[in-house]
Amino acid sequence: MWKREKIWMIKPPTEHPKESKYRPVLESLLPRDPMSRFNLKRSSPKEEFPNLDRNRTLMGHILNLHMYTRQFNRATESGVLFDDIIRPGLEDPGQSIGPKAVGCLAGDAQSYILFCDFFDRIIESYHGYKVTSDAVQESDFNYDNLKGGDDFDQEYALSCEVTACRSIEDYCFPTHCSRGERRQLLTLAKTALEQLAEDLPGKLYSIDELSHESEGRRVVMDSPPSSLIKIGVARDWPDARALWLSMDGTLAVWVNMEDHLKLVSYRSDACLQEAFKTICINVLKMETAYKKLRHPFIWKPHLGWVVSSPAEVGTGLKASVTVKLLHLAENKRMDDILDRLRLEMEETSCPGIYKISNLQTIGLNEVGLTQLVVDGVKLLIRMEKRLENNSGIDDLVPAQK
């Protein structure tokens, strides 16, 4: 039999005078939900869910309505929403052939924590590395531990490049930072690069200065690259963007492009060992300079060096060698070989010339990742020579790593 609820029997909670007095103070100390600060005119998650039918990115492959709903009403302290995270993949849905792009960018370091169930899956899918709370990303800048890299056959290895990205504590990433933040980051970079120039002389150029050719400087840039426009980091171009070049041409440092900082060492002699050494030495010097400025590089134990793209977290390091592979690139087993070597291959503007680089940036330290490239390129060149002589390569194919 249905019974009427006896409201009169329910006792109200006991009120304590001190609790009533100090409750407003205690509540004011609790951090406010960032979403409560916005008055967004949005419908339900189901109605806002993006169309991913033709999206070829990892974001488009992993994201579903259930996951989108869980992230929908979250925002970081600086105001990054989940829609901000996935927008790069919606603007640039990727290609049906070649390696899949991640299709997302973090707006700040907190994004990796607040949207961890999404980012962790992206990282696992892209790098083949499972992020766990007890794992610690190791770092090794001892370039003497690298074996080889200075003895490629230069008939096949044409050039090389090593890059390292870094983000600065307390600042939003390029997709989300304000003009003021970007200008502050440039000011910090100027101070740090002045200290770097004490041992390695160089000069800082604004993007305006790069818009015309100059003797001794081969870099010319008069408009933002299309890749930056697509992912949304070319706002207010060219405000507070810059490039530092060493006088000897061994190092370049981009400021406020895809990341706060990107160090690049390029060599036309394909000596990957020297390029890696240059990056190791100068990354450590820049790290020391930024610590003195009380704005260190962002580091999380389980993620390593945190940058805007989940494709580069961990070490932020990419080592690449441009190689001539006229025969091997056409071999039916090439994709499988690259998977086994944990490398990726990118076409260049020249037929038969490809850029070979590490796909993974997390799970191994800097020396370990560069060693993968050194060993892999040597093996690919051996295979290319075999195919030139109409010989087989099956015995050279490595076991699955």
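Residue positions begin at 1 at the first shown residue.
Backbone N, Cα and C atoms are what each Cβ position is placed from, and that goes for glycine too.
What you see is a predicted model, and the numbers here were worked out from it, not measured in a lab.
Annotated ATP binding site per TrEMBL: 159-163, 318-322, 346-351, in sequence order. According to TrEMBL, the feature domain 'Phosphagen kinase N-terminal' maps to 41-128. What TrEMBL lists as domain 'Phosphagen kinase C-terminal' is 156-387.
Positions of the features from TrEMBL, shown on the structure.
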{"residue": "S159", "record": "ATP binding site", "Cβ contacts under 8 Å, 6 or more apart": "Y266, R267, S268, D269, A270, V321, T322"}
{"residue": "E161", "record": "ATP binding site", "Cβ contacts under 8 Å, 6 or more apart": "V264, S265, Y266, R267, A275, K318, A319, S320"}
{"residue": "T163", "record": "ATP binding site", "Cβ contacts under 8 Å, 6 or more apart": "K262, L263, V264, S265, I279, L317, K318"}
{"residue": "E346", "record": "ATP binding site", "Cβ contacts under 8 Å, 6 or more apart": "G98, Y354, K355, S357"}
{"residue": "T348", "record": "ATP binding site", "Cβ contacts under 8 Å, 6 or more apart": "T322, Y354, K355"}
{"residue": "C350", "record": "ATP binding site", "Cβ contacts under 8 Å, 6 or more apart": "none"}
Margin query: Neighbour count, 10 Å Cβ-Cβ cut-off, for A319 (ATP binding site): what number do you get?
Written below: 29
Notebook entry, point to check: So what's the mean pLDDT when you look at the domain 'Phosphagen kinase N-terminal' (41-128)?
Noted result: 92
Next item on the list: Please report the number of other Cβ atoms within 10 Å of the Cβ of V321 (ATP binding site).
Entry: 29
Check: Under DSSP, the domain 'Phosphagen kinase N-terminal' (41-128) has how many residues in helix, strand and coil?
Finding: 43 helix, 2 strand, 43 coil
